[in-house]
Amino acid sequence: MQPSSPTPANVTIGILALQGAFAEHQVMLQKASLKRRVVIVLVRQQEDLDKCDALIIPGGESTTIALLARLAGLLEPMREFLKTKPVWGTCAGAILLSRWVEGAKKGGQELLGGISVTIERNGFGSQVESFEAPLEVEGLRESNRPFHGVFIRAPVVIGLNPSPTDPPIQIISRISPSLLPASQTVVPLDEDDTDPRDPRTIVALRQGLHLLTTFHPELTKDDRFHEYFVRECVLPTVTSRSSSPA
């Protein structure tokens, strides 16, 4: 039996850099309190993606990002990437990471389909209905300190739809139902033991390797969500791959 490979000293995280708030994610990763050195790659073509251990898809305009990704030849490589490596989608990135979408523009919306949820594009309303709210987030460093959630034309999770073979969905943050827009009606309790409350209050969740946030952690001065992604989603997979037999 061959000895396992040493754990790599660096972790390479890509940020999809076609449109949106990719520069803000880069700044947050650079300042984050991490136990491993992170190499950041701005992903604009498949050669960039091939270097990465994980990927962040930023907020922006989901239809535009999807179109530019197709033109760059990145859609199919990203779909293959997320089968084995962690992906985090924020706001527009959360839409792309979802399996189903409602409220798409005419002509539809291309998705990566990494997380088994249905999401409503601009579910929280227009730009003028953007808001900020303190969030309790399970698993964050200093979890007793609220995280400042920034919601800008944010999507809304309207359904959890895991199949029996999908990894379980872990809800890590919700907002108060009182913050839902008037267009969103809170549903009564039901028999779904995956999520017995209204999914529309979910603003952060995990499924398998992947992380989804409907808000913009990169637009704050708080690096804890980026530290969480690296610690909980990225490092375990990098360590697992490096310790696999050759």
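Each residue, glycine too, has its Cβ placed from N, Cα and C.
Positions annotated as L-glutamine binding site by TrEMBL: Gly60, Glu61, Ser62, Arg121, Ile152, Arg153. Look at TrEMBL and you will find Cys91 tagged as active site, nucleophile. The active site, charge relay system feature in TrEMBL is assigned to His216, Glu218.
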Cβ-based neighbourhood (8 Å from the centroid) of the L-glutamine site, residues Gly60, Glu61, Ser62, Arg121, Ile152, Arg153 excluded: Gly20, Gly59, Cys91, Ala92, Ile95, Asn122, Pro155
For Ser62 (L-glutamine binding site): intrachain residues, at least 6 apart, with Cβ closer than 8 Å: Ala92, Gly93, Ile95, Leu96, Gln109, Arg121
Maximum Cα-Cα separation (Å), residues Gly60, Glu61, Ser62, Arg121, Ile152, Arg153 listed as binding L-glutamine: 13
Distant-in-sequence Cβ neighbours of the residue listed as 'active site, nucleophile', under 8 Å, six or more positions away: Pro58, Gly59, Gly60, Ile152, Arg153, Ala154, Pro155, Thr213, Thr214, Phe215, His216
Glu61 (L-glutamine binding site) CB neighbourhood, other CB atoms within 10 A: 16
